[in-house]
Amino acid sequence: MVTLTTLHWIFLFYVLVVIVVMGLRRDPLIPCILGILHIGWMYTGGLGGAIQAVFNALVVAGIEFLGIIVVISLIVAMSKVLTELGADYLIMRPAAKLMVNADVAFWILGFAMLIVSWFVWPSPAVALIGGIMLPIAVRAGLPAMGAAMAMNIFGHGIALSSDYVIQGAPTITAKAAGLTSGDVVSASIPLVVVMGLVTSIIAFILVRRDIATNRAAHDKERQQYENKNQKLEITTLSYVFAFLVPLGFAADVWAMLTYDLKGGDATALVGGTAALLLAFGSVLKYGVESLEKITDFVRDGFMFGIKIFAPVIIIGGFFFLGKGELSQQILGKGAPGFLEDVGLALSNTVPLNKAAVAVIELAAGMIVGLDGSGFSPLPLVGSIAATFGTALPDLKVATLAALGQIAGVWTGGGTIIPWGLIPVAAIAGVNPIELARRNFIPVISGLAVTTIVAILLM
């Protein structure tokens with residue numbers, strides 16, 4: 001039987017502090033650093049060892065996340081070349097032509113956002129889809145608010161919470177849960193499907209009702225978009241790159257399915273493709289000047305990647321103390337995995353069941369996601385899943401971790417909290433608070449149904 005020491009209770013205290021701070025919409029980096037310092041001091045017995053533990057924690061987390069940081073940065077850099085060439089417009093144009101009415105526009109806009117977000121993440125996709133397809137959707141009769149809802153739900157919701165191509169979210173969750181990203185991806189598929197169906201269908205029904213009751217206002221809104229046509233310089237090179245980019249990533253998907261590439265192998269394939277397309281696109285657009293221009297694209301891409309992951313590295317460094325293997329890399333040989341030990345202790349003292357742990361995982365993901373970052377909750381929900389997996393031997397940890405991932409990303413990634421909705425709201429010209437209110441019923445309904453399904457699958 002595991003005995004919880006003073007160190008375990010100190011760790012749990014800082015976990016509670018982190019949850020409270022994030023629930024108050026504050027960044028938890030200082031509590032995480034103080035937690036590592038305090039535990040490091042207690043474990044090593046000296047201030048020097050404690051300071052080293054802080055650095056070691058950040059290095060360990062950085063190494064764990066480095067691959068996904070690089071691939072995201074390269075994809076963002078490549079998307080900038082795509083825009084410079086005007087190839088983004090050409091890629092989106094066929095889908096835009098299909099938007100003949102409001103109903104079709106909602107689903108076309110949503111699925112376009114989903115597909116693009118899988119490959120370049122929602123933040124770059126917002127500018128791409130919003131700038132090209134949103135005006136066409138509004139002219140087809142879809143209200144700007146309905147367009148924003150579709151972009152949010154399919155991009156920051158379904159795409160980011162699944163993240164099947166880049167695999168940033170499942171990688172972070174899996175690292176904290178002691179699993180592979182492939183485990184989390186596989187377990188998330190039925191949950192993502194349920195969440196996506198419930199949320200998008202309810203949102204569509206609400207949008208249709210809004211169109212019926214506010215037709216005059218939407219007609220006026222549509223007229224404002226009638227003359228908003230983009231004038232882009234499209235060249236032969238634009239067509240070449242617009243053909244190569246989908247072809248390259250389609251080849252990646254084919255290779256993943258054919259050769260069963262998962263996790264790091266799949267990420268490396270996508271990242272390498274993005275790097276090659278980045279280089280080729282730069283040469284197409286700028287010729288000899290590409291030798292310097294590509295540096296600007298890469299710099300912008302990595303600034304985006306580091307901006308997203310910098311806080312996650314510190315949060316992850318703290319929660320990695322919960323896993324024995326990583327804890328030893330941070331504190332030294334023989335260090336315990338604090339959350340793993342807590343899980344064993346819970347299994348011996350507290351009666352737990354699958355329904356209870358699912359609700360706890362859901363609540364943790366949503367509360368921590370209130371800070372407006374969809375990835376901040378992932379180290380915590382992964383660690384909690386591993387803890388309960390220790391307490392309940394027959395529990396499917398990957399399914400529980402996937403539930404927490406979905407809850408955290410849908411909440412913090414930008415669907416139901418106003419401070420996470422600003423990019424989409426801005427490009428659609430709608431109020432972020434009103435957008436959050438419109439998304440609330442579909443998203444909460446989806447989370448409720450998804451939790452029930454997760455309990456049945458665990």
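A Cβ is built for glycine as well, from the same backbone N, Cα and C atoms used for every other residue.
Going by TrEMBL, these are the annotated features:
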- 6-24: transmembrane segment (TRANSMEM)
- 31-51: transmembrane segment (TRANSMEM)
- 57-77: transmembrane segment (TRANSMEM)
- 98-119: transmembrane segment (TRANSMEM)
- 125-142: transmembrane segment (TRANSMEM)
- 187-207: transmembrane segment (TRANSMEM)
- 237-257: transmembrane segment (TRANSMEM)
- 269-288: transmembrane segment (TRANSMEM)
- 300-321: transmembrane segment (TRANSMEM)
- 402-428: transmembrane segment (TRANSMEM)
- 440-457: transmembrane segment (TRANSMEM)
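In this chain, the transmembrane segment (237-257) lies out of contact with the transmembrane segment (440-457); the count of Cβ pairs under 8 Å, excluding pairs fewer than 6 apart in sequence, is fewer than 3. Against the transmembrane segment (237-257), stretch 269-288 shows more Cβ pairs under 8 Å than any other of 6-24, 31-51, 57-77, 269-288.
Outside the transmembrane segment (57-77) by six or more residues, the chain places 36, 119-121, 123-124, 166-168, 171-172, 175, 264, 267-268, 270-271, 274-275, 278, 297-298, 300-302, 304-306, 308-309, 312-314, 316-318, 320-321, 326, 329-330 with a CB less than 8 A from a CB of the stretch.
Same-chain residues lying 6 or more positions outside the transmembrane segment (6-24) and placing a CB less than 8 Å from one of its CB atoms are 31-32, 34-35, 38-39, 42-43, 315, 318-319, 321-322, 336, 338-339, 341-342, 364, 367-368, 370-371, 376-377, 380. Beyond the ends of the transmembrane segment (125-142), by six or more residues, the same chain brings 79, 82-83, 88-89, 92-93, 95-96, 99-102, 104-106, 108-109, 112-113, 116-117, 150-151, 155, 159, 207, 211, 218, 221-222, 225-226, 228, 230, 423-424, 427-428 to within a C-beta distance below 8 angstroms of the stretch.
Long-range contacts of the transmembrane segment (187-207) within its own chain (CB-CB distance under 8 A, at least 6 residues past either end) are made by residues 102-103, 106-107, 110, 142-143, 145-146, 149-150, 153-154, 157-158, 161-162, 170, 396, 398-399, 401-403, 405-406, 410, 438-439, 441-443, 445-447, 449-450, 453-454, 457.
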